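According to TrEMBL:
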TRANSMEM  148-170  transmembrane segment
TRANSMEM  190-210  transmembrane segment
TRANSMEM  216-235  transmembrane segment
TRANSMEM  271-289  transmembrane segment
TRANSMEM  296-317  transmembrane segment
TRANSMEM  353-372  transmembrane segment
TRANSMEM  393-412  transmembrane segment
TRANSMEM  418-438  transmembrane segment
TRANSMEM  482-510  transmembrane segment
DOMAIN    558-665  domain 'STAS'
Amino acid sequence: MKSLALCHTLRKPTKITKMGIELQNHQNHHEEASPAEEPISRWLINTPEPPSMWQELVGYIRTNVLAKKKHRRNNTKNSSSNPVYSCLKSVFPILSWGRQYKLNFFKKDLMAGLTLASLCIPQSIGYANLAGLDPEYGLYTSVVPPLIYSTMGTSRELAIGPVAVVSLLLSSMVRDIQDPVTDPIAYRKIVFTVTFFAGAFQAIFGLFRLGFLVDFLSHAALVGFMAGAAIVIGLQQLKGLFGLSHFTNKTDVVSVVSSVFHSLHHPWQPLNFVIGSSFLIFILLARFIGKRNKKLFWIPAMAPLVSVVLATLIVYLTNAETRGVKIVKHIKPGFNQLSVNQLQFNSPHLGQIAKIGLISAIIALTEAIAVGRSFATIKGYRLDGNKEMMAMGFMNIAGSLSSCYVATGSFSRTAVNFSAGCETVVSNIVMAITVMISLEVLTRFLYFTPTAILASIILSALPGLIDVSSALHIWKLDKLDFLVLIAAFFGVLFASVEIGLLLAVGISFARIMLSSIRPNIEALGRLSKTDIFGDINQYPMANKTPGLLTLRISSPLLCFANANFIRDRILNSVQEVEEEENEQEITKENGLQVVILDMSCVMGVDTSGVVALEELHQELASNDIRLVIASPRWRVLHKLKRAKLDEKLKSENIFMTVGEAVDIYVRARSTSHDLC
């Protein structure tokens, strides 16, 4: 009779009260036990307060600044060297590796540098033409920036100089401010000022460790941007290849194709096309031979320079310029001239100039770091991203003061440098010195160089910018990433370089925002004979616990942007379970009694998140369902304590793991059934 009375007494209270009594008795039993038997959830409740933002800032400075200074001081004492020299070594890596430099390294770097120069000279002239500048400015850009980078950079293979994409970017965006045809001097001054801003932004990124800004341009966006830019560049080279006089300054594909068709109705000389297409076939054939036999890497590397020499000789010996073949004409001899007084800091377009500098800085950094890291991985060393940004920044600042435009790492020339067996950045120094000699000696010879050969050299380099295999891989891997790729590609192709970049970055941000605002709420089940809880959709064999619903919030933040959505999704999940129970005619006593929230993924919570949890607790309590929180992070738990939510939920409803919460619930339920 006593047993029946006890069973009747336990059944009288509501379901929430009954489970509360059972779990409270279970908790009291542990409180009377020895400390060794204390449940691990008590450790969670009694954790100290996490450090404040101010304490974290002080700790960061102490760890990353003061500790490094102390480490340098100790190294200085151990090596008995000058502290100034120690500081200089951290800024100029050449002072570190220069001591171990060997003669046999120089032999390899010399050959690599000369090979690099043979490719760099014709490409630099062509890219300067693409950027809307005179040929000598492309050669200048292959002198000062590589010399600065060789002292500050950490990549051993990266070949520095002008590149096609940045040249197109400058040409398309600076033209909106100043037309190079009407006033080439004013155009050139703006380009130098853009270069200064690009270098300043790059140096700031490195100094303040803001490299994450470069990551806003994702791999998919870069692949699409490069492919679109390659096609636009290729179409623009039709002007030089056909020797056209009337051509558009716009970069979108519709304007360029339309301009080509309209220009063909005007008189044009087919000799330009014959020269350009013949040497284009020669360069592509040389590249094919180099790919088939890696030992013959020097053939595709030398092909552009050989093409320039042969084409120039043909034009000079046959007087082809009198038959309509367009030539480069005057290239100013001599070394780089100072351009400090040409920087336009008082320009009314300074805001636009700074914006172009920022975009150029990000594009140049993204390309250079991607290329540098890929070759560093092959060679088995680590590239220092912050030092790379500093090196890029200072070399472009120095370049803007010495008649250069934005320089970065070139993939095609870096591949040649690597294949030629370079050991260090001395190959860049050799290349720069060779270009300097060329500026003094070869400029008169280059007077008769046909513009068609420069167009063919640029066209031959474009296939390397179109990465079809990466595009297919992105399509198979992630359709949303492929959408970013397509947006960048068509944006550059049909609108402008700027629009293409904005579309790609915008879609990437929208994707991040969507995943943050609409996170997944996963229903969890226990994998048999383990303490592991997994998503029941991913693991159909996972077992659900009767009377219990375990959900995981798959979002790093529970904040104003997603708090209401998460609360509603949890309540919808509870409603779905209750509807299933009604269909199966499960009684309330055997139905849903506890909802466990796995918050192991939630790194932070704001006021809106706390309010949403309070509302969720009240809504569930009104339906006689207990809310249990499992695996809360340190800062999340601290916020819950400050909001007194731990008191409303009661501390026995907060557990360190999902497994602990489920085990206590199961034991409490089995004890209740035994008593009944």
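Each Cβ is built from the backbone N, Cα and C atoms, and glycine gets one as well.
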Problem set entry | Criterion met for the transmembrane segment (216-235) and the transmembrane segment (393-412) (at least three Cβ pairs under 8 Å) | no
Seminar exercise, completed: Long-range CB partners for the transmembrane segment (353-372) (under 8 A, at least six residues beyond its ends), listed in sequence order, are 154-155, 157-158, 163, 165-166, 169-170, 173-174, 177, 190, 193-202, 205, 213-214, 216-217, 222, 225, 344, 347, 383, 385, 388-389, 392-393, 396, 406-411, 414, 498, 501
Exercise. Across the domain 'STAS' (558-665), what does the pLDDT come to on average, as a whole number?
Worked result: 91
Seminar exercise, completed: Most Cβ pairs under 8 Å to the transmembrane segment (393-412), of 190-210, 296-317, 418-438, goes to 190-210
Exercise. Mind checking how the domain 'STAS' (558-665) divides into helix, strand and coil residues in DSSP?
Worked result: 62 helix, 15 strand, 31 coil
